[in-house]
Structure formats: C-alpha cells, structure tokens
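**Q** According to TrEMBL, the domain 'Pentatricopeptide repeat-containing protein-mitochondrial' annotation covers 450-563. Residues or ranges marked as repeat 'PPR' in TrEMBL: 257-291, 292-326, 327-361, 362-396, 469-503, 504-538, 539-573, 574-608, 609-643, 644-678, 679-713, 714-748.
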Amino acid sequence: MSATVSGRSRSILIKVCNSLLSNTAFALLPKPPIFQCSHCFNTSSSSNRKCDYLEDFSPLKNLNSEDAIISPNERRRIILGLGKLIKKKQGFVLKRFSRDFRPFLLVKIMTQFENRHGAFAFFKFVFREESDRIVKSCCVACHVLAMHGFRIIAQDVLSWMIRRIGVSRGQDLMEFMWRGHFGYESDFSVLDSLMRAFTNVEMDSHALQISRIMRGLGMQPCLSALSILFKLLLRIGDYGSVWKLFRDMIRKGPLPSNIAFNVMIHGFCRKGQVQTGESLLHLMNKFQCEPDVYTYNILINAYCIHGRTSDAWSWVDLMVKRGCTPSNATFSTIINALSKEGKIKEARDIFDEMQENGVSPNTIVYNALMDGFVKAREIDKATDLFEDMKNNHIKADDVTYNILVSGYHKYERVENLDNSLSYLNRSMCGPLSDYSWPDVTVAILCSEGRTDEATKCLEDMLKEGLPLSVIAFNSIICAYSKKGLETKAFDAYHMMMKYGVTPSSSTSNSLLTCLSRNGKLLEAEELMHYMIQNQFPVNKVAFTVIIDGYFKIGDVMGAQRLWAYMKSKSISPDTVAFSAYIDGLSKSGLVEEAYNVFLQMKNKGVFPNNFTYNSLIAGFCNVGRLNEALKLEKEMRQMDLIPDLFTINILINGYCKQGRMKYAIDIYTDMHRFNLVPDIVTYNTLLSGYCKVFDMDTADNLVYKMYTSGWDPDITTYNIRIHGFFVTRKMKKAVLVLNQLLSSGIVPNTITYNTMLNAVCSDIHNDAMILTAKLLKMAFVPNIVTTNLLLSHLRKQGLPQMALKWGEDLRELCLEFDEVTYKILERADCDVKARGDQGVEEDAVYISEEGFFIDFFMHLTYDYLCRNKFYSSRRKIKSGSGRSCNVEQPMLEVNNFREILILGMVEEMSQTYRSKLNSFSKFHKGLITTLSTDAQNEKKKKNL
C-alpha cells in the first residue's frame, strides 16, 4: 500500500485506518422514540466517548456529532470507500472538501464509491447543517449527480434532505431545485426526482402537487413513481386522491400497468376492502392487463387473513382455469391459514395435492406445514416433515430452526433438538448465511432460558460489526416478555432502535403482551397508538392482546372501545380476535352482545373454532339459558367441530347449577362417544351438583369412583364436600373431611376457611369448639368474603350497630369494600334507624353467645389485617430503598402466642360485655382445652 500512496495522502490514509481500528463506539443513530409511559427511552450517550478520526473528513466537524446519523455498517462502508479513494490518489479531494462544503467536490467523492449505499452513507455523515447555503449546495449536488447518470443516488439525497428539514421547508426546496435545474437536467428529470423524494418521506400533498405540475406542463408522471404514490395514499387512507389519480391515468396517461393494479389491489385488501380489490382485478382486462400470479396471491392472502380459506381455495381454482399456474407462495399462504385454524389434515392434503400438480414445495411451504404440526402438538409429524425436507434436498433456514427448536423445547425432545442443530451446523454454508447465524446463536440461548447471556452475546456481536436482523432482537424481547421482565424487554427494544433495526409485528406484540400481563393496559394502548402513528407494523394480534387484558381486569368498556378503534383502522379481526372478544363478553355477562358478535363473525366468513363455541356455551349456561347452549353444541357438531372436554364440562356444570343431575349424568356417561376421559374438573362439577341437591350419599359414591379412576381429590374437592356436609348439618362428617384434608398434605385456602367459618357462625354448639380450634390452627388469611360473612352474621344476630362499628374500623384500614359489603352496611343502618339504637353499648345488652363468638372472629380478622398492613408498608419501604426484603405473610400458628392473643382479646372484649363474660368464658375454656389437646396429640405423633 505504501508504494501506491503518495506522501501527501499518507497522513490521510493513516487517519482512515485509525478510524477503522478505533473503538467501535459508532456514530450516533437516531434517538429512539419516546412515548408517555413508564419506559422513557434513555438516549443519553457517554460523555467519555473516544476520539473519532472520521470527523476530520467532514467540513462541518465542529458541529454536534449527534447530527451524524449513520449505522455501524454504514460507517464501515464509508471507511472502506475512503480508503479506496486514497489508493486512487484522490486524497487531495478529501482534504479540500474537509475545508469547505462544495457541491462539486461532494459529487466527485460520492461518485468514487463503488456502490450507492456507501455514497449515500457518506452524504448522511457530512450533512449536519440545515442552513439555506448548505441546502442549496446539496440541491446543486443533486443536479450534478443526475447529469452524470446517478439519479437514484440523487433521489436518496433529496429524500434525506426533505426528511431532515421538515414539511415546512419542503416548498422552499422545490423552488431551489426548479430554479437551479436548467443546464443540468431536464424538467421531467427534476420533477420526477422530487415526486419520488416526497413520496419516500410520506409527504403526500407535496407529491400530488408535483404530479399536478407535471400534468400542467404536458408531461406524464412515471408509472413506477405513481405506483409508489398509490401505495402511500392507500396506507394513509386517502381514497379520494387514489381514485382521482387513477382517473387521471385513464384519461391522460400513462395507462395503469399490472404493477399499478397490484399495488392498488394490495392496498385495498390490506385495509379490509377485499370486494374493491376483486373489482379492480376484473377491471384489469379492459386496460390490456392480465392478472398474474401476484394478483391472485394478493386476493388469496386477503381471504386467508379474514379466515375465509374456502373462498381463497376457490380463487386458486379460478386462476388455474384462466391458465395461471399457482406458485409456492399460493400454496404456502393457504397451508399456513389452515394450520392456524387447526385444520392440519386439510393443510396436509393441499401439500400433497400441490406436488401431484407438479409444484415442488419450497422451504416456505415446508415451514408453514411444519409450524402447523407443532401447534397441533404433532411434533413427530413435524420431525418426519423435516426429514422429508432433507431427503428432497430442500434447504432449511433460520425459520425452520425456530419452528423445530420451539417444538422440541416445548415437548422436551432433547435428542431431536441436538440432531437438528447438528444438521443445521453442517449446512451452515448452505441455507444459513452469515447474516442468519448470529440470529440463530441468540435464539438458541433464549430457547434454553439463558436470556441474559443472549443479550451479552448480541451486544458483543454488534460491537464486532456482525450484521443482525430483527429476529435476534425479537428472540430476546419475546423471552424477557414471557418472564414479565418489562424493563429488560424495553432495554432490548432501545438497543434495537439505536442500531437502526426496524421493529416487526412480533416486536410490537411481545412488548404489548408484557405490558398487558403486568396490568399496564393504558401504557400498552399508548404504545400501540405510537407504533401505528410511526408506521410500525401493528397487526390484529396486538389489539387482541390488549382487549383480552381489559377483560381480565373487568374493564369491559375499555375492551369495547379498543374493538371499535380496531375496526375504524380497517383491521379485520381473525378467528383468534373474535374468539377473545366473545369470550370476554360472555364472562362479563353480556351474552346477548357476545352472540351478536358471533353472528357478525360468521357473516364475514370467519369460521369459529372450539374455543369460540365453548365461550358462548359457557355464557348461556351461566345465565341459565341451557336450551341456547345445547343448540350451539349441536351447531358445533354440524360444523365438523368435535366437542372437547371443556365443552362437556361446561354443559355438565350448566345442568348441575339447575339441579338437573339426571341430564348431567347422561352427558357424563356419553363422554366415551367422543373418546373423552373425565378429568378432576368433571368430577368436582358433578360433586358440587350433588351437594347442591343435598344428595351426599351419591356424592360419596362419586368420590369413590373418582379414586378408582385414578384421580386424587384436590383442594376444590375437599372444599365442596366440607360445604355440602355443613349445609346438610352433618358437622361431624365435615370435621372428618377436614381431618382428611389436613392429613393429605394439601394446604387449606381462604375458601376452606370461609366455608368453615360460615358453618361455625351459623350453628353454635359443642362441635363449634373443635372447628374453631382447627380454624385457628390453619393459615389465617381473611379476605373481603370473610369480612362480609362476619358483618352479615352480626346483623342477623341482631347487632346492626356493632356491624356498622366494625365497618368503620375496616374502612380506616383502607380495606376495599365490594357491592355486597355496602349492601350489608346499608341494611344494618336501616335496622339501627328502625330500632333507634344509639351506640355499641346498647348492642352489648342484647348480645348472645353467638354474638360473642362472631365478634371474637371479627377481632381476629381485624388483628390480621392490621398486622398485614404494617408488614406490607415495611416491605414497600425496604423495597424502595433497594435492599432485599423477605418478609413472609403473618399467620397465626398453634403456639403459646396464639393462646396469649386469644386471652388478650377475651380481656378486651370483657370490658364491653361484662354481663355476658361468664357464658363466653365457658366457650373460651373449651377452646383453650381443645387447642391444648390437639397440640399434645401432634407432639405425640412427632415423637412416634
């Protein structure tokens, strides 16, 4: 190199090499967008940035380097291009340009680059000032580039300038270009370049203005430019301008081509106006345009997106009749749609049929069918398909890898995973290019749960300048989102934006899912609006995620608002979106509205699946409309959808709620006809039904049958039986079941506690002492149901003033009341007004032993809530200080502290209820005796 480089250029070359070898703290990229949520994108850069030798080649080096917006790959292109420029003994040009921004010198440097991308990157690097002088100089450079045959680079430069100076100065730039083009390029050339530039930066009004100027001068806009403008206008929804532009083409030329028609058909189909797309297809013949395979594929894809796969297949028949041969994209679209609908058998049939018709499936078709098998839990068939792919010498790609890894990882097929990875490793020089292997490496680490290592690996690759696509970033974002690590997911997104990687729909869906799972639905909706405004790909999955999140927190109006907004954006819901919306409405009790949406779904040609029908059937059963539920179950079978275990359990539950146990048992015995085996939910549902009709003997027989079928009772089974025995006044059997629960090792929950407490408060006798002792031995975790239960029993015992007093005390603890609480307190207030009570002391005169008992448990509940609030506040303070805190939930255990606590409460209560102290002391002595006896028995068991 030293032999070919002059002494004057040697110092410049050294600077270029130093820039190439310097730290890879590449020139800054566009600041990540900021939206108003808890994640503000921190774009501050380190103040200790190392010296950048590339700055010496910019005439505007003294300006803020943040204006040099280039990516790492662009920086590398610039450095390599400048090195080759110096080899050609053109270093003096760089030196002169570094002193003054001159358009002719800029053009000379840009034209010496070997490719368009390097030349454009250099222009972006040096264009740091937006003054009129610099803008005019760049306009001259554009004219010179066009004159020398570099019109595409000139259009890139114009687009970048317009994007930087903004809409307000767009008119000035038009005037600069028009006044200075004489002597460089023709009128058509400059206007065509301006039209394309304004279209590229999505300034539709300026692009339309240029087209009108061209018409006024008697010129016809270029077809390719008009096609790009059509695409822009359709994306922003300016249909009036689309049709006006189309009429001008018909009247004044140029006549629309296949490309123009395809752009329009695709634009209308993307907005959900499939009928308009069909009409345009039929119109093509009038303008000597014949629909090609791309035209048909656009419509076929649109029908598949809307769930109308049968209509899509009819278009395949039509294109074959018209002599147009379907492509791999045609079949892969339909196979992919059928797989997503769960119709994997039909997808396999089409896969076989395409080979019979002489169309060899490619990697995309194999991937679509393989993905369908994985989602249908038929991982063995997916593996067979992968082997068939290898035997037919079809190259696997990184999508194939992702499908297999997700399937093998989900079903723990470690051996198959190792085999497929070794195959991909051997084929690295073939299907997996250098550009995909970094993505694969990151995806492997994420699939193994080593997301932090994947992030570190990605950062190292970026520093080394290795190219990574959106796949690598999506793997990390998706992995963090699934774990609920919101901050880390957004950190990966910030890095993605920093390195100029455009987000995909998968990026949006992962981030929105993470926010929704963490309950931040308003922030999720705000992020979605931001992404739509900035033309990020946001599909119906994003809307479905947030709508489902709103339903889960009970915000029906929020879900309905977002559903209406989705339709206003011409985003057509698919089967999953419709099913999620119908399920949310049904669970919210709006079963009529859910059924209307179901009818709309069918009218639009979107076929419901099992989940859709199950949601509606459950909705009708919950409101007691079993006839409508049975009609839907019948319709479900007519649609070739076999009722699953969820369907059967829903219908059994519907009959059990109405006490129609004969019909419930009939469905239970007919399950074998559908090759279904009863599960624990089936048995618990039937058990609950028998308990509601007080048939405890049959319930016991059902429990025995459950044991023989291989199902062990769970906490729900025990709670149902305990409640059933309490309702039928069989207290000793209830205690026996409770003992079985404790001895089985199953931890009682709040439902167990509330069920027993309700029974004890309703029927005070000698067994109450045993049950109370067992209650106090269990985890004492009251909730709003507990407080409602105790307040209601106080009122029923004729102690309304006491109920109001406890209500006030609980309100001071900031306990959230529900509708039931407020109704109880309202009725208690009415009772007080009717009796004319003046205070709690008057209630003490009328208090009974039952009232003492209930008040005693209210003291325990209040004490737990007080202490729980104290520990929660301490936990928040310590968490806020950044220190770890492992405070367990306080609970009462069988020890001396429990007895001291009870004695203390009795002394406190005795001051208010002196007249009833003797009767309560009897209960207290029996309680303490029972506790002590149980404690001694437990010690004996441990010693044994």
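Keep in mind that glycine also has a Cβ here, set from the backbone N, Cα and C atoms.
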**Q** Could you give the number of helix, strand and coil residues in the repeat 'PPR' (257-291) as assigned by DSSP?
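**A** When I sort the residues of the repeat 'PPR' (257-291) into the three classes, I find 27 helix, 0 strand, 8 coil.
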**Q** Roughly where does the repeat 'PPR' (504-538) sit in mean pLDDT, to the nearest integer?
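**A** It averages 77.
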**Q** Mind tallying the repeat 'PPR' (574-608) by DSSP state, helix then strand then coil?
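**A** Counts, helix then strand then coil: 26 helix, 0 strand, 9 coil.
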**Q** Of the residues in the repeat 'PPR' (469-503), how many are helix, strand and coil by DSSP?
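**A** Final tally across the stretch: 26 helix, 0 strand, 9 coil.
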**Q** With Cβ-Cβ distances below 8 Å as the criterion, list the same-chain residues six or more beyond the ends of the repeat 'PPR' (609-643) that contact it, or say none.
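**A** Result: 341-342, 575, 578-579, 582-583, 585-587, 589, 591, 594-595, 598, 601, 650-651, 653-655, 657-658, 674.
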**Q** Can you break down the repeat 'PPR' (292-326) into helix, strand and coil residue counts using DSSP?
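**A** The composition, in the requested order, is 26 helix, 0 strand, 9 coil.
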**Q** For the repeat 'PPR' (574-608), which recorded stretch in the set 257-291, 292-326, 679-713 gives the largest number of Cβ pairs separated by under 8 Å?
**A** 292-326
**Q** Under an 8 Å Cβ to Cβ limit, what residues of the same chain, 6 or more beyond the ends of the repeat 'PPR' (539-573), are close to it?
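**A** For the repeat 'PPR' (539-573), the sequence-distant neighbours (Cβ-Cβ under 8 Å, at least 6 residues beyond its ends) are 237, 271-273, 305-306, 505, 508-509, 512-513, 516-517, 519, 521, 524-525, 528, 531-532, 580-581, 583-585, 587-588, 590, 601, 604, 606.
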**Q** What does DSSP give as the helix, strand and coil breakdown of the repeat 'PPR' (609-643)?
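**A** Split by secondary structure, the repeat 'PPR' (609-643) comes out as 26 helix, 0 strand, 9 coil.
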